[in-house]
Amino acid sequence: MACWWPLLLELWTVMPTWAGDELLNICMNAKHHKRVPSPEDKLYEECIPWKDNACCTLTTSWEAHLDVSPLYNFSLFHCGLLMPGCRKHFIQAICFYECSPNLGPWIQPVGSLGWEVAPSGQGERVVNVPLCQEDCEEWWEDCRMSYTCKSNWRGGWDWSQGKNRCPKGAQCLPFSHYFPTPADLCEKTWSNSFKASPERRNSGRCLQKWFEPAQGNPNVAVARLFASSAPSWELSYTIMVCSLFLPFLS
């Protein structure tokens, strides 16, 4: 029996590393994502930061920039044109969602979150991705004078004409009415896909929805940090059971 204990101790040591690696450099199972990330030399505009390693294709990056995106037949202009800076933030957020291979620690099956049918062929989504404080603040500041009619854009639209329209009785009002704070905008727009982090950029503890390509992807290290704190409970349980039965094998 004694010869087994060093092996078990070694497994306990490497287990968090194994679990963490499973959450790194992956694409979610969703309608437009590639199966695995890979270089995409010709990504479009706001999606360019992910060209070295992307979960999106050139086509997806192009469609993310259209006023009525074919990705989900969703129009950002349901209450008229957005201010240019506001529109840019939303396109960056779409590129981040579609292209980033660094969202593994926050990926969850859609069915586990209360939806009986996965929307738009989507099997997975992200939940509570911690966006840096500046990302939420700048997004809110640049959008607060644009107009919308809902705080949760993930559902509840009128799709009778093939694209999203404001539901009956919903008023088009400034973003600041539906999103009183930067955290409200980050967290409510897509039903808690993002979370407003109190951490700032370069802290190593929050993700940036956009970054300068020449400076490298700061989200790689952040994803590794969060992945290392999310061990695989399935593997942990297996090792625990084995350790309990070892005395009977002597």
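Yeah, the Cβs are placed from backbone N, Cα and C, and that goes for glycine too.
The structure displayed is predicted, hence computed values, not measured ones.
Quick look at what Swiss-Prot annotates:
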- Cys27-Cys55: disulfide bond (DISULFID)
- Cys47-Cys95: disulfide bond (DISULFID)
- Cys56-Cys99: disulfide bond (DISULFID)
- Cys79-Cys172: disulfide bond (DISULFID)
- Cys86-Cys143: disulfide bond (DISULFID)
- Cys132-Cys206: disulfide bond (DISULFID)
- Cys136-Cys186: disulfide bond (DISULFID)
- Cys149-Cys166: disulfide bond (DISULFID)
- Asn73: N-linked glycosylation site (CARBOHYD)
- Ser228: GPI-anchor amidated serine (LIPID)
- 62-81: region 'Important for interaction with IZUMO1' (REGION)
- 1-19: signal peptide (SIGNAL)
Of all the recorded positions given, Asn73, Ser228, which residue's CB has the most CB neighbours within 10 A?
Ser228
Would you kindly list the residues that approach the region 'Important for interaction with IZUMO1' (62-81) from elsewhere in its chain, counting only those six or more residues past its ends and only Cβ-Cβ distances under 8 Å?
31-32, 44-47, 56, 87, 90-91, 94-95, 98, 120, 146-149, 153, 157, 159, 162-166, 172
Please give me the disulfide-bonded residues out of Cys99, Cys143, Cys186, Cys206 that lie within 10 Å of Cys55 (disulfide bond), comparing Cα atoms only.
Cys99
Can you tell me which of the disulfide-bonded residues Cys56, Cys136, Cys143, Cys206 is spatially closest to Cys95 (disulfide bond)? Compare CA atoms only.
Cys56
Just checking, which of Cys99, Cys136, Cys186 (disulfide-bonded residues) has the fewest C-beta atoms within 10 Å of its C-beta?
Cys136
Can you tell me the mean pLDDT for the region 'Important for interaction with IZUMO1' (62-81)?
90
Let's check the environment of Cys47 (disulfide bond): how many other CB atoms sit within 10 Å of its CB?
28
Using DSSP, what is the helix/strand/coil residue split across the region 'Important for interaction with IZUMO1' (62-81)?
2 helix, 6 strand, 12 coil
Taking every protein chain in this structure into account, which of the disulfide-bonded residues Cys56, Cys79, Cys95, Cys132, Cys143 has the most other Cβ atoms within 10 Å of its Cβ?
Cys56
Just to be sure I understand: of Cys56, Cys149, Cys166, Cys186, which disulfide-bonded residues have a C-alpha no more than 10 angstroms from the C-alpha of Cys172 (disulfide bond)?
Cys149, Cys166
